[in-house]
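Features reported for this protein in Swiss-Prot:
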{"type": "DOMAIN", "residues": "2-229", "note": "domain 'ABC transporter'"}
{"type": "BINDING", "residues": "34, 35, 36, 37, 38, 39, 40, 41", "note": "ATP binding site"}
């Protein structure tokens with residue numbers, strides 16, 4: 001379980017996050033949404049251990065987070081892939097740093113690429129891939145170390161609508177298959193409502209938890225209902241419009 005208690009963070013002396021309290025149970029998919037400047041990415045970087053926090057605590061499985069660790073896999077919007085390495089070697093890179101024997105890490109990379117639908121692309125280079133394929137590589141790399149927690153920072157924001165829909169459904173299928181804790185940062189309201197088992201709305205200036213919404217649309221998808229059916233459901237549309245109104249309220253209040 002991920003547990004965040006009374007978390008405060010600032011940047012250059014300016015408060016960015018204030019009194020954040022969140023929990024993420026095993027097998028849940030938590031989505032964090034809010035207007036620009038609410039500290040979404042800062043929160044992910046704190047959980048990843050990339051930057052320090054000033055007060056409070058972040059714990060994963062009862063252990064305080066004080067820096068990066070293999071128990072947390074991270075996927076970024078810009079992928080962060082190495083262009084001079086082929087797809088397989090990109091996925092295996094973290095395993096290489098961890099000292100995993102070559103044949104074992106290449107087999108793990110092969111299995112992860114199979115999971116994300118890139119079997120047969122092992123020897124291709126990053127420049128030969130589409131945006132969606134590059135994000136699949138990024139997800140495969142993050143999963144290769146078998147982390148407890150998968151962190152994704154607006155991973156589909158730069159993709160076209162069709163590819164974004166494909167990646168959303170892929171991530172939900174992987175979430176179901178692996179049973180991992182997943183925390184997704186997004187600015188896309190429809191994506192947030194569709195993918196979350198719990199949706200956290202942050203307010204800006206500094207970021208605070210405005211509202212927490214338990215949702216079941218992701219579970220309906222992994223149970224077999226199509227994404228198109230879910231997104232056209234009046235319940236889904238009503239929730240999407242409610243969340244949109246809350247985000248607009250916050251943006252107007254702090255503009």
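Here the Cβ of each residue, glycine as well, is placed from N, Cα and C on the backbone.
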With a radius of 8 angstroms around the mean position of the C-beta atoms of 34, 35, 36, 37, 38, 39, 40, 41, what other residues of the same chain does the ATP site pick up? 202, 204, 207
Confidence summary for the domain 'ABC transporter' (2-229), mean pLDDT rounded: 93
Cβ atoms other than its own within 10 Å of the Cβ of residue 38 (ATP binding site), all chains, total 27
Count, for each of the binding-site residues 36, 41, the other C-beta atoms lying within 10 angstroms of its own C-beta, and report the residue with the smallest count. 36
Taking only same-chain residues 6+ apart in sequence, whose CB is under 8 Å from that of residue 34 (ATP binding site), what do you get? 40, 201, 202, 203, 204, 207, 210, 247, 250
Name the residues of the same chain, 6+ apart in sequence, whose Cβ is under 8 Å from the Cβ of residue 39 (ATP binding site)? 9, 16, 17, 202, 204, 206, 207
Does DSSP give residue 40 (ATP binding site) helix, strand or coil? helix
If you count, for each of the binding-site residues 35, 37, the other Cβ atoms lying within 10 Å of its Cβ, which residue has the minimum? 37
